[in-house]
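Chemist: In case it's useful when we look at the structure, here is the feature table from TrEMBL:
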type	residues	note
TRANSMEM	6-25	transmembrane segment
TRANSMEM	51-72	transmembrane segment
TRANSMEM	84-106	transmembrane segment
TRANSMEM	127-151	transmembrane segment
TRANSMEM	163-184	transmembrane segment
TRANSMEM	191-209	transmembrane segment
TRANSMEM	239-259	transmembrane segment
TRANSMEM	280-302	transmembrane segment
TRANSMEM	332-358	transmembrane segment
TRANSMEM	379-400	transmembrane segment
TRANSMEM	436-459	transmembrane segment
TRANSMEM	479-498	transmembrane segment
Amino acid sequence: MAVNWPGLLSIGVFYITVLGTGIWASRKAKREEKKCTESRSEVAMVGGRNLNILVSIFTMTATWVGGGYILGTAEMVYDPTKGLVWAVGPIACSLNLILGGMFFTIPMRSKKYVTLMDPFQEKYGNTVAAVLFIPVILSDIFWTAGVLAALGGTVAVVMDIPSSVAVCISAAVAILYTVLGGLYSVAYTDVIQLIFMFLGLWICVPFILTSPSAANITAAAVNKLYQDPWVGKLELEDAAYWIDNLLLLGIGGVCYQAFYQRVLSAATDTQAKITCYIGAVLCPILGIPSIIIGAVSASTYWNQTTFGSPSPYEQGKAGMILPIALQHLCPFYASLIGMGALAAAVMSSVDSALLSAASQLARNIYKNIICRQASEKSVLVVVKVSVLLCGVIGACLALTTSSVALFWIISSDVLYSMMTPQVICILYLSQWVNVYGACCGFVFSLLLRGLVGEPMVGLPDVLPLPWDRIQEDGHRYRLFPFRTAIMLLTFVVILLVSQMSIRLKGKKLLTNDAEMNEMHDLGLNQKNVEENEALNKDEEQFNPTIPQ
């Protein structure tokens with residue numbers, strides 16, 4: 001198979017368009033910095049809290065409707081062991097945005113926070129909050145790696161080029177325009193990316209539906225033609241596991257900084273809520289093309305296509321069914337447009353994750369812990385450097401393995417189990433929790449999730465659970481909703497330990513939170529004083545005073 005040069009050219013044109021939009025938006029960001037009454041760094045992180053409502057809707061929707069959403073939905077529908085009933089992504093994204101708009105937008109906006117880490121540092125102090133948010137920052141990096149790995153594998157299959165080339169070019173483009181303009185560049189490129197995605201996939205859908213190799217999808221929905229019906233089935237014993245997956249995606253999203261950057265960038269509370277609610281409507285609509293493509297792929301006799309036999313599922317390529325369908329069920333020119341749409345979906349996720357991680361590193365780690373007297377200019381420099389570093393790390397991780405499962409598990413599964421109860425407690429039960437509860441909850445959830453295990457990433461499943469099904473390879477297939485169970489148990493541990501520590505502090509057996517934070521702050525201040533004294537001594541040595 002020769003290199004698909006026209007396909008590469010089409011993706012190249014798309015990348016140039018996105019990069020041009022990002023550069024234009026970076027100039028707009030500089031103008032906003034001059035007019036903004038807030039700090040300059042907030043323009044980069046939350047758009048100066050004055051983002052246009054239409055742009056807000058586009059960037060919120062594009063953040064969730066990314067590469068994983070588009071590819072994953074098509075894969076679930078096509079997979080004969082799953083089917084449409086297991087494609088919970090569209091429902092979960094809508095649920096996430098509705099819950100976010102109803103319950104998590106106002107608490108964050110009312111105190112003018114910039115990152116999700118702000119309320120944790122305000123309540124628990126800088127150091128404890130930094131430890132709690134290690135999974136959050138890592139999840140953004142692994143999110144980036146997962147999306148880039150998916151793109152690399154897709155382009156390698158369709159374009160017949162090394163996946164490393166696609167990963168490096170995509171990462172470079174996203175890093176460049178994110179460094180130049182911050183949230184403005186990310187938001188305005190999201191507009192272009194969402195339009196590309198919507199039009200590109202819908203242009204391909206009629207060609208795929210009328211492919212001569214595909215049977216009627218209505219008949220294949222409930223009857224076994226070339227594989228099991230694509231609607232799928234949900235057995236009673238799988239219901240708890242299905243709910244667990246739905247809640248993982250539907251509630252876990254409230255732990256992502258990318259979500260809060262969008263709602264905090266809105267000019268008013270009403271605009272922030274409208275952004276969430278309209279995004280909740282658009283997410284399922286944008287998932288329809290993926291559902292149709294997955295359904296047609298499940299209804300196709302692949303031996304009659306240029307792909308040949310055996311089928312993509314039998315070759316272990318179900319995860320790439322969308323680009324395979326674009327290539328083998330569409331005319332050549334339509335497949336080029338579809339690949340541009342797929343690249344758009346990937347880019348819209350990468351830039352959001354990069355800016356999310358960089359914002360927290362610059363504000364909450366650098367400015368609040370490392371250098372408290374940092375100027376706005378230095379904070380902006382750290383944002384840019386952090387975007388570059390996170391992008392390079394994400395790209396390197398994407399090049400190390402072809403398995404995307406590792407990245408998705410760390411970025412969503414662990415984050416849901418460990419951080420969802422922490423976020424709910426800090427925003428709604430702040431008076432009932434303290435440092436001791438937060439730390440114990442963190443350690444408890446980390447330990448329990450490790451014991452449950454994850455065979456896909458080599459973590460042994462040590463802890464037996466109810467309804468376990470032992471597979472042929474000896475691993476346990478978990479039917480028990482363990483992720484949600486860990487989340488709820490962590491929530492209980494945080495509250496119980498917090499209340500127990502309050503009673504112990506009343507008996508003066510433990511140190512108060514305020515005293516702990518004060519001791520930590522004194523330590524940091526003492527360190528700063530010692531550094532200043534050392535600098536003054538050095539200056540005196542080189543500039544001795546002249547006696548009067």
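Using N, Cα and C of the backbone, Cβ positions are placed for all residues, glycine too.
I'd like these features described in context: how deep, what's nearby, how far apart.
Modeler: Within its own chain, the transmembrane segment (6-25) has Cβ neighbours under 8 Å at 155, 158-159, 161, 169-170, 173, 176-178, 180-181, 184-185, 187-189, 191-193, 196, 332, 335-337, 339-340, 343-344, 347, counting only residues six or more beyond its boundaries.
A Cβ distance under 8 Å defines the sequence-distant neighbours of the transmembrane segment (239-259), meaning residues of its chain 6+ beyond its ends; these are 60, 63-64, 85-86, 88-89, 91-93, 95-97, 99-100, 104, 115-117, 136, 139-140, 352-353, 355-357, 359-360, 412-413, 415-416, 419-420, 423, 467, 478-484.
Using a Cβ-Cβ cut-off under 8 Å and counting only residues 6 or more beyond its ends in the same chain, the transmembrane segment (280-302) has close neighbours at 57, 61, 64-65, 69-71, 73-78, 80, 84, 87, 89-91, 93-98, 101, 194, 197-198, 201-202, 204-205, 208-209, 211, 213-217, 219-221, 225-227, 229-230, 308-312, 321-322, 324-326, 328-329.
If one looks beyond the transmembrane segment (379-400) by at least 6 residues along the same chain, the residues whose Cβ comes under 8 Å of a Cβ in the stretch are 39-41, 44-45, 140-142, 144-146, 148-149, 152, 163-164, 167-168, 171, 174-175, 178-179, 182, 350, 353-355, 357-359, 361-363, 366-367, 407.
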Chemist: Go through 51-72, 84-106, 127-151, 191-209, 332-358 and flag the stretch with the largest number of C-beta pairs under 8 Å relative to the transmembrane segment (163-184).
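Modeler: So the stretch in question is 332-358.
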Chemist: Report yes or no: does the transmembrane segment (332-358) come within contact of the transmembrane segment (51-72), defined as 3 or more CB pairs under 8 Å with a sequence separation of 6 or more?
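Modeler: Yes, the transmembrane segment (332-358) and the transmembrane segment (51-72) are in contact.
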Chemist: Decide whether the stretches the transmembrane segment (127-151) and the transmembrane segment (479-498) have at least 3 CB pairs under 8 angstroms, with pairs required to be 6 or more apart in sequence.
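Modeler: The transmembrane segment (479-498) and the transmembrane segment (127-151): touching, no.
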Chemist: Mind checking which residues reach the transmembrane segment (191-209)? Cβ under 8 Å, same chain, six or more beyond either end.
Modeler: 14, 17-18, 21, 55, 58-59, 61-62, 65, 70, 217, 286, 289-290, 292-293, 296, 325-326, 329-331, 334-335, 337-338, 340-342, 344-345, 347-348
